[in-house]
Amino acid sequence: MKAQADSRFDYVKINLASPERIRQWGERSLPNGVVVGEVTKPETINYRTLKPEMDGLFCERIFGPSKDWECWCGKYKRVRHRGIVCERCGVEVTESRVRRHRMGFIKLAAPVTHVWYLKGIPSYLSILLDMALRDVEQIVYFNSYVVLDPGNASNLSYKQLLTEDQWIEIEEQIYAEDSELYGIEVGIGAEAIQRLLQEINLEEVAEKLREEILESKGQKRAKLIKRLRVIDNFVATNSRPDWMVLSVIPVIPPDLRPMVQLDGGRFATSDLNDLYRRVINRNNRLSRLQEILAPEIIVRNEKRMLQEAVDALIDNGRRGRTVVGANNRALKSLSDIIEGKQGRFRQNLLGKRVDYSGRSVIVVGPKLKIYQCGLPREMAIELFQPFVIHRLIRLGLVNNIKAAKKLIMREDPSVWTVLEEVITGHPVLLNRAPTLHRLGIQAFEPILVEGRAIQLHPLVCPAFNADFDGDQMAVHVPLSLEAQSEARLLMLACHNILSPATGKPIVAPSQDMVLGCYYLTAENPKAQKGANRYFGSIPDAIKAYEQGTVDLHAYVWLRYNGDVVTHKPDTEVLKTETLDDGSVIKHYRERRVREKDGEVISQFIRTTPGRIIYNKTIEDALVAL
């Protein structure tokens, strides 16, 4: 197994495991030739000696020693006895960490169905058997018999369900003196399901289904295609349908379901141990009942209980009553450990913490460029620490790493100067979960800011589906030159204007920006302080607003010699004034124009300081491009 773990591989494939494969996982030969792996006892540890019980759920012979280089009985201690198998207890002297990957197995006295394939959506067992899920459940949980071979009976058919009373009636007919019935076989429970699955010839059924699909349509055709798809997948993966019925159950390594002693001498244990214990107890009881040739009804009841125990172990609560522990809390099964946000995949494998990353709340940074983000100093010094230390040593400010770290801890002014130099031109990646499309991660040039929040340009929010009501974002530092150049060329926010899904612009003003634009250009008849004043230039008007002599929404006259476009044509002269120098002032609705001999000398337009600021901001932005 170690050799397999060390070797490189391209992908991981999840497949159905055969009973032989499950045995191989848990079964192994000790150096002295003894084969171990089967867990036969429900005990965990001896509460007097606090040592694992042999052949139990924490058995050292099966899973390896609890202490490094020490056998169960204590005869062999120290690393010099590496690989020796103790003659007294049969434990191999090795490291205790093998208990994290060595598995065991439970050999079941009767086969049981896998609850995922029975109660999953869709139910693969019912699809393969071409039976209703309700009927398959009736068979599995010992409520109905199924005809495995109708023999010469004219009133029976293959896979027909029979109640207890119906089967008793048929039995009486079979064993009657004048009976001509023979070859009739019925079954119940997972054994019957296993037999039905074993009789399926996948290639023949697939060929037959393809012919039927060509001739059928509608709902029937969809059902046939669904069944064919499942069968084709079984053929492609070289899996047998009867592997969905378990005869051997794997026992996961003990260090993945630990038992911990608490201060008061009590023990805290993983729920899995309780679920495994239920399976082993019922399995052992069933074995004893079979040995003593107990009545069929008792054996059948025990088989049903074993099926329910295995169901609870694999997926507690999927079918029937949920198994609960102390305080009526549902026990966590294998499925509960794997699935969901807190499961093994999303929490521990996909959601691993990585170096050179940080996380903080985002706030709006209105003065940032679209390709910039505000990075808190506290976070930046931690993320870029190796780069800062390297530069401090290269500049001769310190002689070694330890001195550089002390300088950083003291927050010496030279550190901030060096940090500024380091982050210049070094992009960082910002990610907001959930990352549903590629624009969920983008690159930005960091700008050092005070505080503890990451500042984000409001225009990139739609791409991240972010808002500023408490959202958090993660920061990652690309380390290699290739990663940095890729981030700069492909992932910089200013290169991601269009949505990759639709091709439409994803960068669009929203929320505060739209509100701000509306507020600047809106009318407010009540705020008319300084109205009807004349200004010779845009800077004069803005200065007057900043000094508080004019309200933002007050109508003023601004000298402007460019073209004026209004939503309604402004060509109607309301009034004309003739001045002493012969020039004429024409009063329009939105402007006043002074002309002489047909030439325009000056033009004043009616506007507000808010609209002047809005127009100037857009003009400056366009000039900057």
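Yeah, the Cβs are placed from backbone N, Cα and C, and that goes for glycine too.
Features as listed in Swiss-Prot:
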- CYS71, CYS73, CYS86, CYS89: Zn(2+) binding site (BINDING)
- ASP467, ASP469, ASP471: Mg(2+) binding site (BINDING)
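Shown here: features listed in Swiss-Prot, placed on the structure.
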| residue | record | Cβ neighbours (10 Å) |
| --- | --- | --- |
| CYS71 | Zn(2+) binding site | 24 |
| CYS73 | Zn(2+) binding site | 14 |
| CYS86 | Zn(2+) binding site | 22 |
| CYS89 | Zn(2+) binding site | 17 |
| ASP467 | Mg(2+) binding site | 14 |
| ASP469 | Mg(2+) binding site | 7 |
| ASP471 | Mg(2+) binding site | 17 |
- Other residues with Cβ within 8 Å of the Cβ centroid of CYS71, CYS73, CYS86, CYS89 at the Zn(2+) site? GLU60, TRP72, GLY74, LYS75, TYR76, GLU87, ARG88, GLY90, VAL91
- Task: Consider the binding-site residues CYS71, CYS86, CYS89 and say which one has the Cα lying nearest the Cα of ASP471 (Mg(2+) binding site).
- Result: CYS71
- Between CYS71 (Zn(2+) binding site) and ASP469 (Mg(2+) binding site), the C-alpha gap once rounded to whole angstrom: 58
- Note on the structure: Counting only residues outside ASP467, ASP469, ASP471 in the same chain, those with C-beta within 8 angstroms of the Mg(2+) site's C-beta centroid are ILE362, ALA466, PHE468, GLY470
- To the nearest whole angstrom, state the Cα distance for the pair CYS89 (Zn(2+) binding site) and ASP467 (Mg(2+) binding site). 63
- Query: Could you give the Cα-Cα distance between CYS73 (Zn(2+) binding site) and ASP469 (Mg(2+) binding site), in whole Å?
  - Reply: 61
- Message: Quick check for the class: what is the C-alpha distance, in angstrom and rounded, between ASP469 (Mg(2+) binding site) and CYS86 (Zn(2+) binding site)?
- Response: 63
- Query: What kind of secondary structure is ASP469 (Mg(2+) binding site) part of, going by DSSP in three states?
  - Reply: coil
